[in-house]
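Student: Could you have a look at this structure, given as structure tokens, before my questions?
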Amino acid sequence: MRKAVLKEAVKRFPWLANVTLYGCLFAGGDFVHQMIAQREEMDWKHTRNVAIVAISFHGNFNYFWLRALESRFPGKSPGMLFRKLLLDQSFASPLATSVFYTGVSFLENKDDVLEDWREKFLNTYKTGLMYWPFMQFLNFILMPLYLRTVFMGCCAFLWATFLCFSRQSGDGTASVALAFVLYPKQRLQAAREAHLARGANITLLISSEERSSEYTCIDILKGKEE
């Protein structure tokens, strides 16, 4: 019953249903990343920023992009599939990755919105070439046009988890992301060590400031005595 209702909603309101589902699934990827990272508190602002970028750009772009591809290269013949995959991976994929890194950085008011893009775009794009061509091949072969954006959203759920990890903790490579997932004890230990190191640095900073203030008070008292 639910599947029938959802299918009918996608048919009657294809743009709204596709874009909304895509954005929700993409934001869900950030939620899963934060759960895997076992953070003390959820960063809902980051999830909100990811959702804004996904709904405002990725969902809308993919909705019209997939229709443009099908209009220009209709059918499922090998030649048409090859052209669609080639264009998708040479144009749409790098554009979507670039908008993710720069868009989220912009919403976070970073001084340099291109910093993450410069450091991680190339690795992320290479990793995407090991994932998206296969997903899009299945998309073009199996899915009717009105469901292709939703199918991409389902695939983007996993991809968004990887993107959010790469932006916050990784370098855009699959090997680092797999290590993050497969070795949680080492990951937690590294996080604890980093937390302790930050605490030690803060303690040293406070103690140095206290010493400097003590010296300042002593200097003032000496001045008064003189």
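Cβ from N, Cα, C; glycine included.
Automated prediction, rather than curation, is the source of TrEMBL annotations.
These figures come from a predicted structure and were not determined experimentally.
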Student: According to TrEMBL, transmembrane segment applies to one of these ranges: 86-107, 196-217. Which one is it?
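Tutor: The range carrying the transmembrane segment annotation in TrEMBL is 86-107.
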Student: Among 12-29, 49-66, 86-107, which stretch has the highest count of C-beta pairs below 8 Å with the transmembrane segment (145-165)?
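Tutor: Counting Cβ pairs under 8 Å, the winner is 12-29.
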